[in-house]
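These notes are about the structure you will find just below.
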Amino acid sequence: MQPGSAPTETYDVQFSEKIERTRDQFKDFFNGEIDAFRSPASEYRMRAEFKIWHDKDTGRACYAMHQPKVKNQVIPIEDFEIGSARIRELMPDVLAAVNNSTLLKQKLFQIEFLTATSGDAVVSLIYHRPLSEQWQAEAEQLQSTLRCQLIGRSRKQKIALGRDYVLETLLVNDKSYTYQQVETGFTQPNAAVCQKMLTWAQTVSADIGGDLLELYCGNGNFTLPLAQNFSRVLATEVSKTSVKSALYNIEQNGATNIAIARLSSEEFTEAMNKVRRFRRLENIDLDSYQFSTIFVDPPRAGLDTDTVKLASRFDNIIYISCNPDTLADNLASLATTHEVTRLALFDQFPYTEHRECGVILRRR
(Lines of atoms letter the chains of each structure in order from A and count residues from 1; the text may use other names and numbers.)
(Lines give C-alpha, C1' and ligand atoms only; values in the text may rest on other atoms or scores of the structure.)
Protein backbone atom coordinates (compact mmCIF):
# COMPACT_ATOMS: atom_id res chain seq x y z
CA MET A 1 0.00 0.00 0.00
CA GLN A 2 1.39 3.39 -0.98
CA PRO A 3 2.09 5.74 1.95
CA GLY A 4 -0.79 8.14 2.48
CA SER A 5 -3.40 6.13 0.59
CA ALA A 6 -6.79 5.33 2.14
CA PRO A 7 -8.31 2.08 0.81
CA THR A 8 -11.67 2.91 2.36
CA GLU A 9 -13.28 -0.31 1.15
CA THR A 10 -11.04 -2.23 3.57
CA TYR A 11 -11.70 -0.07 6.63
CA ASP A 12 -14.30 -2.28 8.33
CA VAL A 13 -12.20 -5.42 7.94
CA GLN A 14 -9.02 -3.88 9.32
CA PHE A 15 -10.92 -2.33 12.25
CA SER A 16 -12.53 -5.67 13.14
CA GLU A 17 -9.12 -7.34 13.02
CA LYS A 18 -7.73 -4.78 15.45
CA ILE A 19 -10.58 -5.45 17.86
CA GLU A 20 -9.87 -9.18 17.76
CA ARG A 21 -6.12 -8.68 18.24
CA THR A 22 -6.82 -6.43 21.22
CA ARG A 23 -9.29 -8.89 22.74
CA ASP A 24 -6.79 -11.72 22.38
CA GLN A 25 -3.81 -9.75 23.68
CA PHE A 26 -5.57 -8.65 26.87
CA LYS A 27 -7.68 -11.75 27.56
CA ASP A 28 -5.71 -12.49 30.73
CA PHE A 29 -6.67 -9.09 32.14
CA PHE A 30 -10.17 -8.40 30.79
CA ASN A 31 -12.98 -10.52 29.37
CA GLY A 32 -15.74 -7.91 29.01
CA GLU A 33 -16.87 -5.96 25.96
CA ILE A 34 -14.22 -3.71 24.43
CA ASP A 35 -15.14 -0.05 23.92
CA ALA A 36 -14.10 0.28 20.26
CA PHE A 37 -13.92 3.66 18.54
CA ARG A 38 -13.70 4.03 14.78
CA SER A 39 -11.85 6.65 12.77
CA PRO A 40 -13.07 8.40 9.65
CA ALA A 41 -11.96 6.21 6.74
CA SER A 42 -10.09 9.07 5.02
CA GLU A 43 -8.93 12.67 5.60
CA TYR A 44 -8.37 12.01 9.30
CA ARG A 45 -4.73 13.01 9.78
CA MET A 46 -4.26 16.62 10.93
CA ARG A 47 -0.48 16.75 10.50
CA ALA A 48 1.95 15.41 7.94
CA GLU A 49 5.66 15.50 7.13
CA PHE A 50 7.04 15.06 3.62
CA LYS A 51 10.54 14.76 2.28
CA ILE A 52 11.16 16.88 -0.80
CA TRP A 53 12.59 14.98 -3.74
CA HIS A 54 14.41 17.06 -6.36
CA ASP A 55 14.18 15.40 -9.79
CA LYS A 56 17.57 15.79 -11.49
CA ASP A 57 16.07 15.41 -14.97
CA THR A 58 13.24 17.94 -14.71
CA GLY A 59 14.60 20.12 -11.92
CA ARG A 60 11.22 20.00 -10.20
CA ALA A 61 10.54 19.23 -6.55
CA CYS A 62 7.93 16.73 -5.41
CA TYR A 63 6.59 15.34 -2.15
CA ALA A 64 7.99 11.98 -1.10
CA MET A 65 7.83 9.52 1.79
CA HIS A 66 9.85 6.45 2.72
CA GLN A 67 8.27 3.15 1.79
CA PRO A 68 7.52 1.41 5.12
CA LYS A 69 9.86 -1.51 5.91
CA VAL A 70 11.90 -0.91 2.72
CA LYS A 71 15.28 0.66 3.43
CA ASN A 72 16.25 3.74 1.40
CA GLN A 73 13.23 3.54 -0.92
CA VAL A 74 11.49 6.88 -1.41
CA ILE A 75 8.00 7.02 -2.95
CA PRO A 76 6.67 10.17 -4.68
CA ILE A 77 3.37 11.32 -3.16
CA GLU A 78 0.82 12.71 -5.61
CA ASP A 79 -2.11 12.72 -3.19
CA PHE A 80 -2.33 12.19 0.56
CA GLU A 81 -5.74 10.63 1.07
CA ILE A 82 -5.37 10.20 4.82
CA GLY A 83 -4.51 13.90 5.25
CA SER A 84 -7.09 16.41 6.40
CA ALA A 85 -9.06 18.26 3.74
CA ARG A 86 -6.99 21.37 4.53
CA ILE A 87 -3.69 19.51 4.02
CA ARG A 88 -4.90 18.14 0.69
CA GLU A 89 -5.99 21.63 -0.33
CA LEU A 90 -2.65 23.20 0.58
CA MET A 91 -0.31 20.54 -0.82
CA PRO A 92 -0.54 21.36 -4.56
CA ASP A 93 -0.51 25.12 -3.96
CA VAL A 94 2.59 24.97 -1.78
CA LEU A 95 4.42 22.72 -4.23
CA ALA A 96 3.51 24.89 -7.21
CA ALA A 97 4.89 27.95 -5.42
CA VAL A 98 8.10 26.11 -4.57
CA ASN A 99 8.61 24.98 -8.16
CA ASN A 100 8.02 28.49 -9.46
CA SER A 101 10.67 30.04 -7.21
CA THR A 102 14.39 29.32 -7.07
CA LEU A 103 14.56 31.02 -3.66
CA LEU A 104 11.88 28.81 -2.15
CA LYS A 105 13.12 25.60 -3.78
CA GLN A 106 16.88 25.83 -3.26
CA LYS A 107 18.01 23.16 -0.75
CA LEU A 108 14.47 22.65 0.53
CA PHE A 109 14.40 19.12 1.97
CA GLN A 110 11.19 18.84 4.00
CA ILE A 111 7.70 20.35 4.26
CA GLU A 112 5.48 19.88 7.30
CA PHE A 113 1.77 20.61 7.65
CA LEU A 114 -0.18 21.13 10.88
CA THR A 115 -3.92 21.76 10.60
CA ALA A 116 -6.99 22.11 12.80
CA THR A 117 -10.60 21.12 12.19
CA SER A 118 -11.41 24.83 11.76
CA GLY A 119 -9.10 25.04 8.72
CA ASP A 120 -6.35 26.82 10.66
CA ALA A 121 -2.97 25.72 9.29
CA VAL A 122 0.79 26.06 9.72
CA VAL A 123 3.15 25.12 6.88
CA SER A 124 6.86 24.70 7.70
CA LEU A 125 9.52 24.79 4.97
CA ILE A 126 12.79 23.24 6.15
CA TYR A 127 16.12 23.90 4.43
CA HIS A 128 19.75 22.84 4.29
CA ARG A 129 20.84 26.48 4.00
CA PRO A 130 20.49 29.78 5.90
CA LEU A 131 17.38 31.80 5.07
CA SER A 132 17.86 35.34 3.78
CA GLU A 133 15.75 38.50 3.82
CA GLN A 134 14.96 37.82 0.16
CA TRP A 135 13.59 34.40 1.13
CA GLN A 136 11.48 36.00 3.84
CA ALA A 137 10.01 38.58 1.46
CA GLU A 138 8.98 35.88 -1.00
CA ALA A 139 7.66 33.63 1.76
CA GLU A 140 5.50 36.46 3.09
CA GLN A 141 3.85 36.76 -0.31
CA LEU A 142 3.20 33.01 -0.31
CA GLN A 143 1.71 33.14 3.19
CA SER A 144 -0.73 35.82 2.07
CA THR A 145 -1.74 33.75 -0.96
CA LEU A 146 -2.20 30.51 0.99
CA ARG A 147 -4.07 32.11 3.92
CA CYS A 148 -2.13 30.09 6.47
CA GLN A 149 0.81 30.52 8.85
CA LEU A 150 4.22 29.98 7.23
CA ILE A 151 7.48 29.06 8.95
CA GLY A 152 10.97 28.70 7.53
CA ARG A 153 13.55 26.61 9.36
CA SER A 154 17.17 25.70 8.88
CA ARG A 155 19.99 24.77 11.24
CA LYS A 156 19.82 27.10 14.27
CA GLN A 157 17.32 29.35 12.46
CA LYS A 158 13.55 29.70 12.63
CA ILE A 159 11.53 32.42 10.90
CA ALA A 160 7.86 32.42 11.88
CA LEU A 161 6.04 34.83 9.59
CA GLY A 162 2.93 34.62 11.76
CA ARG A 163 1.92 32.19 14.49
CA ASP A 164 3.83 28.94 14.99
CA TYR A 165 0.70 27.16 16.19
CA VAL A 166 -2.89 26.37 15.27
CA LEU A 167 -5.90 26.74 17.51
CA GLU A 168 -7.96 23.57 17.72
CA THR A 169 -11.41 23.17 19.28
CA LEU A 170 -12.51 19.73 20.45
CA LEU A 171 -15.99 18.79 21.68
CA VAL A 172 -16.17 16.57 24.77
CA ASN A 173 -19.61 15.65 26.15
CA ASP A 174 -21.17 18.79 24.66
CA LYS A 175 -18.47 21.12 26.03
CA SER A 176 -15.88 22.76 23.75
CA TYR A 177 -12.21 22.97 24.67
CA THR A 178 -9.73 25.17 22.81
CA TYR A 179 -6.12 24.05 22.42
CA GLN A 180 -2.97 25.75 21.20
CA GLN A 181 -1.07 23.16 19.16
CA VAL A 182 2.52 24.23 18.41
CA GLU A 183 4.20 23.03 15.22
CA THR A 184 7.12 21.37 17.04
CA GLY A 185 5.05 20.02 19.94
CA PHE A 186 3.33 16.66 20.26
CA THR A 187 -0.37 16.54 19.43
CA GLN A 188 -2.73 13.67 18.68
CA PRO A 189 -2.77 13.45 14.85
CA ASN A 190 -6.35 12.19 14.45
CA ALA A 191 -8.69 14.90 15.78
CA ALA A 192 -11.88 12.87 15.34
CA VAL A 193 -10.50 9.95 17.35
CA CYS A 194 -8.89 12.30 19.85
CA GLN A 195 -12.34 13.69 20.67
CA LYS A 196 -13.55 10.14 21.29
CA MET A 197 -10.57 9.43 23.54
CA LEU A 198 -11.21 12.56 25.61
CA THR A 199 -14.92 11.80 25.85
CA TRP A 200 -14.24 8.20 26.94
CA ALA A 201 -11.70 9.25 29.59
CA GLN A 202 -14.03 11.91 30.99
CA THR A 203 -17.06 9.62 30.98
CA VAL A 204 -15.42 6.64 32.70
CA SER A 205 -13.97 8.86 35.46
CA ALA A 206 -17.14 10.88 36.09
CA ASP A 207 -17.99 9.39 39.50
CA ILE A 208 -14.54 9.04 41.06
CA GLY A 209 -13.95 12.45 42.70
CA GLY A 210 -10.96 13.42 44.82
CA ASP A 211 -7.76 14.77 43.27
CA LEU A 212 -6.04 13.64 40.07
CA LEU A 213 -2.36 13.18 39.29
CA GLU A 214 -1.52 13.20 35.58
CA LEU A 215 1.86 12.20 34.16
CA TYR A 216 2.93 13.06 30.59
CA CYS A 217 0.25 15.77 30.25
CA GLY A 218 1.61 17.31 27.01
CA ASN A 219 -0.30 20.47 26.10
CA GLY A 220 -3.13 19.62 28.49
CA ASN A 221 -5.04 17.53 25.98
CA PHE A 222 -6.62 15.20 28.57
CA THR A 223 -6.01 17.52 31.51
CA LEU A 224 -8.72 20.03 30.66
CA PRO A 225 -11.71 17.70 30.26
CA LEU A 226 -10.60 15.47 33.15
CA ALA A 227 -10.38 18.50 35.45
CA GLN A 228 -14.19 18.66 35.31
CA ASN A 229 -14.35 15.43 37.34
CA PHE A 230 -11.83 16.14 40.10
CA SER A 231 -11.39 18.68 42.89
CA ARG A 232 -7.80 19.43 41.91
CA VAL A 233 -5.41 18.24 39.21
CA LEU A 234 -1.62 18.12 39.38
CA ALA A 235 -0.20 17.49 35.91
CA THR A 236 3.45 16.90 35.00
CA GLU A 237 5.29 17.21 31.70
CA VAL A 238 9.00 17.40 30.88
CA SER A 239 8.85 19.30 27.54
CA LYS A 240 9.17 23.08 27.92
CA THR A 241 7.19 23.63 24.71
CA SER A 242 4.33 21.45 25.92
CA VAL A 243 4.30 23.02 29.40
CA LYS A 244 4.07 26.48 27.86
CA SER A 245 1.14 25.36 25.69
CA ALA A 246 -0.55 23.63 28.63
CA LEU A 247 -0.41 26.83 30.71
CA TYR A 248 -1.81 28.81 27.77
CA ASN A 249 -4.61 26.28 27.29
CA ILE A 250 -5.51 26.25 30.98
CA GLU A 251 -5.86 30.04 30.94
CA GLN A 252 -7.80 30.15 27.66
CA ASN A 253 -10.29 27.57 28.92
CA GLY A 254 -10.76 29.23 32.31
CA ALA A 255 -9.66 26.19 34.33
CA THR A 256 -8.82 27.12 37.93
CA ASN A 257 -8.11 23.75 39.57
CA ILE A 258 -5.03 22.66 37.56
CA ALA A 259 -1.36 23.00 38.54
CA ILE A 260 1.48 22.13 36.14
CA ALA A 261 4.95 20.93 37.16
CA ARG A 262 7.76 20.55 34.61
CA LEU A 263 9.06 17.17 35.70
CA SER A 264 9.62 13.80 34.12
CA SER A 265 7.69 10.84 35.51
CA GLU A 266 10.92 9.55 37.06
CA GLU A 267 11.56 12.90 38.77
CA PHE A 268 8.02 13.13 40.07
CA THR A 269 8.29 9.62 41.50
CA GLU A 270 11.40 10.74 43.40
CA ALA A 271 9.51 13.79 44.67
CA MET A 272 6.51 11.74 45.82
CA ASN A 273 8.82 9.31 47.58
CA LYS A 274 10.66 12.26 49.16
CA VAL A 275 13.95 11.06 47.69
CA ARG A 276 14.70 14.47 46.15
CA ARG A 277 13.44 18.04 46.46
CA PHE A 278 12.81 20.00 43.26
CA ARG A 279 12.77 23.78 42.93
CA ARG A 280 10.17 23.30 40.20
CA LEU A 281 7.80 22.07 42.93
CA GLU A 282 8.53 24.81 45.45
CA ASN A 283 5.07 26.36 44.99
CA ILE A 284 3.25 23.02 45.10
CA ASP A 285 2.44 21.27 48.38
CA LEU A 286 2.26 17.60 47.44
CA ASP A 287 1.07 16.63 50.91
CA SER A 288 -2.07 18.77 50.50
CA TYR A 289 -3.40 16.63 47.64
CA GLN A 290 -5.92 13.85 48.25
CA PHE A 291 -5.14 11.79 45.16
CA SER A 292 -7.75 9.20 44.23
CA THR A 293 -6.61 8.65 40.65
CA ILE A 294 -3.54 8.68 38.43
CA PHE A 295 -3.79 9.26 34.68
CA VAL A 296 -0.89 8.25 32.43
CA ASP A 297 -0.35 8.55 28.68
CA PRO A 298 3.29 7.47 28.32
CA PRO A 299 5.49 7.20 25.22
CA ARG A 300 5.83 3.87 23.41
CA ALA A 301 8.26 2.54 26.02
CA GLY A 302 5.44 2.50 28.57
CA LEU A 303 5.91 3.05 32.31
CA ASP A 304 9.28 2.37 33.92
CA THR A 305 9.43 0.11 36.97
CA ASP A 306 9.39 2.93 39.53
CA THR A 307 6.42 4.65 37.87
CA VAL A 308 4.51 1.35 37.85
CA LYS A 309 5.15 1.12 41.59
CA LEU A 310 3.94 4.70 41.99
CA ALA A 311 0.77 4.01 40.00
CA SER A 312 0.00 0.94 42.12
CA ARG A 313 -0.42 3.23 45.15
CA PHE A 314 -3.53 4.85 43.64
CA ASP A 315 -7.05 3.47 43.96
CA ASN A 316 -7.81 4.24 40.31
CA ILE A 317 -5.54 4.18 37.26
CA ILE A 318 -6.49 5.55 33.84
CA TYR A 319 -3.89 4.41 31.29
CA ILE A 320 -3.85 5.52 27.65
CA SER A 321 -1.30 3.58 25.60
CA CYS A 322 0.14 4.00 22.11
CA ASN A 323 1.85 0.60 22.41
CA PRO A 324 -0.28 -2.40 23.44
CA ASP A 325 2.84 -4.51 24.03
CA THR A 326 4.25 -2.27 26.76
CA LEU A 327 0.74 -1.78 28.14
CA ALA A 328 0.42 -5.55 28.52
CA ASP A 329 3.80 -5.68 30.28
CA ASN A 330 2.74 -2.95 32.71
CA LEU A 331 -0.62 -4.62 33.34
CA ALA A 332 1.15 -7.84 34.29
CA SER A 333 2.76 -5.91 37.15
CA LEU A 334 -0.31 -3.88 38.11
CA ALA A 335 -2.62 -6.92 38.10
CA THR A 336 -1.36 -7.95 41.54
CA THR A 337 -3.03 -4.89 43.10
CA HIS A 338 -5.59 -3.75 40.50
CA GLU A 339 -8.13 -5.21 38.10
CA VAL A 340 -9.03 -3.89 34.64
CA THR A 341 -12.67 -2.77 34.60
CA ARG A 342 -12.75 -1.12 31.15
CA LEU A 343 -10.75 -1.65 27.97
CA ALA A 344 -10.93 0.63 24.94
CA LEU A 345 -9.50 0.57 21.42
CA PHE A 346 -9.06 3.84 19.52
CA ASP A 347 -8.27 3.57 15.80
CA GLN A 348 -5.89 6.53 15.62
CA PHE A 349 -4.02 5.15 12.60
CA PRO A 350 -6.25 3.21 10.20
CA TYR A 351 -4.63 0.83 7.69
CA THR A 352 -1.59 0.35 9.94
CA GLU A 353 -0.68 -2.14 12.66
CA HIS A 354 -0.86 0.65 15.23
CA ARG A 355 -3.45 0.37 18.02
CA GLU A 356 -4.16 3.00 20.66
CA CYS A 357 -5.68 1.51 23.82
CA GLY A 358 -7.15 2.73 27.08
CA VAL A 359 -7.76 0.89 30.34
CA ILE A 360 -9.34 1.68 33.68
CA LEU A 361 -7.91 -0.15 36.67
CA ARG A 362 -9.40 -0.17 40.16
CA ARG A 363 -7.80 -1.44 43.34
CA ARG A 364 -8.79 -4.99 44.20
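Including glycine, each Cβ sits where the backbone N, Cα and C put it.
What Swiss-Prot lists as active site, nucleophile is Cys322, and the listing cites sequence analysis. Annotation comment: Swiss-Prot describes Glu356 as active site, proton acceptor. Per Swiss-Prot, S-adenosyl-L-methionine binding site is recorded for Gln188, Tyr216, Asn221, Glu237, Asp297, and the stated evidence type is sequence analysis.
Location within the structure of each feature annotated in Swiss-Prot.
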| residue | record | CB count, 10 Å |
| --- | --- | --- |
| Gln188 | S-adenosyl-L-methionine binding site | 26 |
| Tyr216 | S-adenosyl-L-methionine binding site | 22 |
| Asn221 | S-adenosyl-L-methionine binding site | 27 |
| Glu237 | S-adenosyl-L-methionine binding site | 26 |
| Asp297 | S-adenosyl-L-methionine binding site | 21 |
| Cys322 | active site, nucleophile | 19 |
| Glu356 | active site, proton acceptor | 25 |
Report summary line: Residues lining the S-adenosyl-L-methionine site besides Gln188, Tyr216, Asn221, Glu237, Asp297 (CB within 8 A of their CB center) are Phe186, Cys217, Gly218, Asn219, Phe222, Ser242, Ile320
Query raised in the report: Using DSSP, would you call the residue listed as 'active site, nucleophile' helix, strand or coil?
Result: coil
Query raised in the report: Whole-number Å distance between the CA of Asp297 (S-adenosyl-L-methionine binding site) and the CA of the residue listed as 'active site, nucleophile'?
Result: 8
Query raised in the report: Roughly how many angstrom lie between the C-alpha atoms of Glu356 (active site, proton acceptor) and Gln188 (S-adenosyl-L-methionine binding site)?
Result: 11
Requested in this report: Could you measure between Gln188 (S-adenosyl-L-methionine binding site) and the residue listed as 'active site, nucleophile' for me? Cα positions, answer in whole angstrom.
Outcome: 11
Query raised in the report: What Cα-Cα separation, expressed in whole Å, is found between Asn221 (S-adenosyl-L-methionine binding site) and the residue listed as 'active site, nucleophile'?
Result: 15
Query raised in the report: Looking only at DSSP and grouping its letters into three states, which state does Asn221 (S-adenosyl-L-methionine binding site) belong to?
Result: coil
